[in-house]
């Protein structure tokens, strides 16, 4: 699979040769786990295995929960309470599934920001990056529909607000909204559709993950230096790489164990910490909650959605130019989806010839401002749209777009990066000096 020179699987026994000539699945598994991997990967390269664990956890717990769930507006809330009270281990299954979604998004955000910092989106890994963004979009759709299924107050009203965004599309919006809901409002048809799609999408995600893995196995892994593995010969490649098994698998298993220690502590001792108490109240279309908020992992983009009100000058200009077609609501919808889309375009927006942020002094400053901006958007997305939160969300939203659309293209032209090492071997030896038996040495970055 990888373009890096390495030893491929060779069948030895008769049964291995027979199977290999008909279905080379052993060779596929061998090339997957023995892929040459840059030897200088740091601890930010653990999130892939955490994400794989989360996907398996969500599929397994979701299948079992679906056996006991009833997708009907009169029975959904009661069926969830039945799972919690009467199904053996049902409460643990639900808490694992709900908190597993949070771990899934924590890991994917760290995975994305690691890629943004180390330039994992740059050539030749654009396809890997775009497939990763498709996975993220599928995760968001799956999580949103899953949040509706318990049929609590926040489930119902969250679905009403979010699906109402499609109604903001000029001309065809209401038709799309009605088609999506299966009627004029969130009701039984909506719940059935969301349950069916929520069950289906994890398997779509699994297929996209397989393509994602295939893509980065074809190009090889990125690494903290952004320097490519030497591919002139197998001997040269071995100076820059080690096999994924056992070196990085052991490291990933250890990291996963540490992450799961924290995860199971949350599941066991404070399983509702990341949830919302209003969702323990059955959905009531006649009673609107005082403050409607989505799950925490949607809050950054929810903040961007709410930031652009009718009194913002950008919205007023867009409304004037479009002769009233683009109002504040539609502008907010465009901004929310644009904030996600702009991440998919980053391979072409970042014009710097240097891949890794480790060697880009100006880039580091703006990147960490972006990370802080993301945290601020998450926080302000859970607040009321009153002063000063409305101004904070507007400023934070403006910086999000400015980073990708203005700062990155300009930095590529004006920044003077530090020269990266010539090879991965050179970087590895600088951090783990052979003279000290591989002991880590402190090197300024």
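Using N, Cα and C of the backbone, Cβ positions are placed for all residues, glycine too.
Features of the protein shown, as given by Swiss-Prot:
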- 97, 198: heme b b562 binding site (BINDING)
- 111, 212: heme b b566 binding site (BINDING)
- 2-49: topological domain 'Cytoplasmic' (TOPO_DOM)
- 68-94: topological domain 'Periplasmic' (TOPO_DOM)
- 114-129: topological domain 'Cytoplasmic' (TOPO_DOM)
- 150-193: topological domain 'Periplasmic' (TOPO_DOM)
- 217-252: topological domain 'Cytoplasmic' (TOPO_DOM)
- 271-329: topological domain 'Periplasmic' (TOPO_DOM)
- 347-364: topological domain 'Cytoplasmic' (TOPO_DOM)
- 383-388: topological domain 'Periplasmic' (TOPO_DOM)
- 409-445: topological domain 'Cytoplasmic' (TOPO_DOM)
- 50-67: transmembrane segment (TRANSMEM)
- 95-113: transmembrane segment (TRANSMEM)
- 130-149: transmembrane segment (TRANSMEM)
- 194-216: transmembrane segment (TRANSMEM)
- 253-270: transmembrane segment (TRANSMEM)
- 330-346: transmembrane segment (TRANSMEM)
- 365-382: transmembrane segment (TRANSMEM)
- 389-408: transmembrane segment (TRANSMEM)
Query raised in the report: Do you know offhand how many angstrom separate residue 97 (heme b b562 binding site) and residue 212 (heme b b566 binding site) by C-alpha?
Result: 24
Query raised in the report: Have the transmembrane segment (330-346) and the transmembrane segment (50-67) got at least three CB pairs under 8 Å, pairs 6 or more apart in sequence?
Result: no
Query - Alpha-carbon distance [residue 198 (heme b b562 binding site); residue 111 (heme b b566 binding site)] in Å - result: 23
Query raised in the report: So what's the mean pLDDT when you look at the topological domain 'Cytoplasmic' (114-129)?
Result: 98
Requested in this report: Could you give the residue numbers and ranges of same-chain residues that sit at least 6 residues beyond the transmembrane segment (95-113) on either side and whose C-beta is under 8 angstroms from one of its C-beta atoms?
Outcome: 44, 47-48, 50-51, 54-55, 57-58, 61-62, 65, 132, 135-136, 139, 143, 146, 259, 263, 266-267, 271, 274-275, 295-297, 343, 371, 374
Requested in this report: Could you name the stretch, out of 194-216, 365-382, 389-408, with the greatest number of CB pairs under 8 A to the transmembrane segment (50-67)?
Outcome: 194-216
Report task. Check the binding-site residues 97, 111 for other C-beta atoms within 10 angstroms of each C-beta and report the one with the most. Result -> 111
Query raised in the report: Cβ under 8 Å to the topological domain 'Cytoplasmic' (217-252), counting only same-chain residues 6 or more beyond its ends: which ones?
Result: 1-7, 31-42, 44-46, 48-49, 115, 118-120, 122, 124-125, 128, 354-356, 358-359, 420-425, 427-428
Query - Contact set, same chain, for the topological domain 'Cytoplasmic' (114-129): CB under 8 Å, 6 or more residues outside the stretch - result: 44-45, 47, 212, 215-216, 219, 222-224, 226, 343-344, 346-347, 350, 352, 354-358, 367, 370
